[in-house]
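Per TrEMBL, these features apply:
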COILED    477-504  coiled coil
DOMAIN    324-379  domain 'PAS'
DOMAIN    666-787  domain 'Response regulatory'
MOD_RES   ASP716  4-aspartylphosphate
TRANSMEM  20-38  transmembrane segment
TRANSMEM  192-218  transmembrane segment
Amino acid sequence: MKDNRLFRIRKYDFGITIRILFWTLLGMTILGCIYFIVHYDTCQRLLQIKNEQYLSNLITLVKQEKLLTGARMVKAISPNIESFRYIDVFEAVDNMVQQDTSIHNVLIIDSNGYVHHQTKSPDNISNNLYFVNMAAGLIESKIITQNNQTFLICGVPIIIQNDLWGMLKLIFRLDSIDREKRRLESHLGFLLFYNMIWIFGVWISGVISIGIALYIIMSRHSRRLVQMGSQIQDFDPSQDSFFSALAARTDETGFLARQIKHTCSCMTKEIKEIRSQCNQLHESYEDSYSITEKTRTLLQEVQTGLKEWEYQSRTMFDWCQESLVFISCQGQILEANPQFLKLCGYAMKDIHNQNFVELLPKEFQPDFTQNFMRQIQSQTQSAPLETAILRKDQTYLYMSIRGRLFFKNNTDPHKILIAGIDMSWNRQTQYILKDLELLLKQDLKDALARVIGLSELMAVKTQVGKKDLCDWSQIIHQNARAMLDNIQQALDIFKLEANEYKLNCRNCNLCFIFQKLSIDFSSITVSRSIEIHYLMNNAPMTWDQSLEIWGDCNLLYAMFTRLLNDIIEQSPEYQKITISFQQQQDLHITVHCDIPLSDNTMNDFFARPKDESEKHKGAYIALLIANAHGGTIGIRNSSEQQTQFILILPDNNPTGIADHENYSKRILIADDSANSHLLMDYYLSDYNDWLRVTAKNGQEAIERFQEMPFDIILMDIEMPELNGTAAIRAVRDIEKNLPERTEQKARILIITADTSDETKEKVIQAGADAVLCKPVEANHLIEMIRV
């Protein structure tokens, strides 16, 4: 079957001629368009220059005519000016203006610049800078165009008796010039179009002539090629005589015949080679088909295995008890397993694409970036590193992490896997061991040394006076009590840190607590000349005021003691500390002091101390107590030299003591001394099911008793407003008037330093059940309450 392109030449007899003619006409068209554009701009510019010359000559003629009009007007008014008949001058000027409608405005100005007359009010043309500054004594004129309208400004001097009297300034509207401009602009387009049509016609004629000539020349050559193609159509490669006859020609046909002969011989050789290669490929194809089937089966098995491995790895990643995080080589978090998200409190969207080092506290960041990451990049895996992760609630999660580098295509680093183990309990145990060691080294060791030393001294001294024996016994008692207090305090701190401390909440009067604190810190503040001022609702606070909050009074006292102790230690001498109370939905306590703290000190002020050398341990314990009450403590710099400590405590029982029925005993403590309140509260602190309510005088005790029934009333005798004896009578009267109080009367225990028989008899007659002498022992007080 003949499938050579040469056999389709007959269908395109004139294809070469048409293509050559097409590209020739296209080139001529492009050249014509370029010439048309260039000639258009040139022609337009020539016509504009010609119009401008014509307008310039026309304006010159009009200018001469208008200056002549101005000279005639000066000649007409000069005699009247010379004879000082100015009214006639003005009338003559107005008449001339009415006769000549082209005059826009006329001004008569003397040599001093005084305007004697003008035909109309000044406008933009009259206020033109050139018009105003025309030199006197010269004939001047200028063309001005404004708002598409042409004006002629001219000035003609007025000479009276060979002296310059002034100047006549005229403004003419050149409407004829404007009309001529519009006429020329309208005819400009027509002239351009006419010239372009003439040029286009000449160009079209030239292109058509060239096209006809090319067509005649190329058609002859095309016919010869068609004739040769018709001969080649019946060509048999075995007949070489045909090519030899054509190749003997010296024209284009001979050249083409020689090329075709050479090409056909080459194609014959290539066809033979292709046939042999096709036979070989056919045999190879049969073998490759069986290999392909085996490869496809193997790939399906590999794909199934990869899916199973991916499912197993994903299951292991999600259910692994270790914290797993994938990060990029630059440190961005790519993926984290549920265990890590659960421990840190984040959602995946919160930390996705976030730099992992941003989750670490500042003190742990250098070790991570400089050692951990470099070790992974150099050795593909790292040694375990103990660090801390900042949780979403701004607490620390201590972890031991290790990393491994994964590669893509076995050469390019792809991502890093970080595996971590929760070390919080280990770190907590270390803290507890340090606290126990510190407690044994400092607090218990000194107290035990005193107890043992005095007991040995008492054993050696055979002759000891009663006074010395009492003093030594009191010292032993005090040191033993200090040991118990330190142990109890350490246990309370451990419970607070573990969030297992059960608060013994009741109404606590903060005024009593801070009154006791002012007494405790008086020696320190006096020695360092530090003043402490108290404000309640922006007004000075007095100790007889009441500011109650629901909480554990012992813990609140310890919290304020430790916090103020750290603040006073940081404060310089001769400074003032202001403590203000604001009662809102929550109680806001703000401590203003002149302590210039740095950012690092502020960040670490409430941090847990790492060893006994660090300060601010009291601030850390105060923060634990505040958190146990549902509150918090913050710190900020109000200025360059001032710092504010802000304590917020919620009032979880704002309605008072409504849940008193849940307690086994209800005890009312009525005493005007804050120290007595704290002492009684301390004695009763081990009994969490005993409700304790305080009153600072007899009148307040009666009000508390009216609010709710009490089982025990511990009352002092000497109190302001209403003493203890009168308060006892009032309590018994209330019980008589209220039937529900008559069945079970309150036991009233008087605690007083007055041990006279007269006082005892007086209070017993008033209704007291027993009298206890100060200082009262804790065991004796508990026994009297339980009776």
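All positions are counted from 1 along the displayed chain.
Placed from the backbone N, Cα and C atoms, the Cβ positions cover glycine too.
Unlike curated entries, TrEMBL annotations are predicted automatically.
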### Query
What mean pLDDT does the predicted model reach across the domain 'PAS' (324-379)?
86
### Query
For the residue listed as '4-aspartylphosphate', what residues in its own chain, 6 or more apart in sequence, show a Cβ-Cβ distance under 8 Å?
ALA670, ASP671, ASP672, SER673, SER676, GLY724, ILE750, ILE751, THR752
### Task
By DSSP assignment, list the helix, strand and coil residue numbers for the domain 'Response regulatory' (666-787), in that order.
57 helix, 25 strand, 40 coil
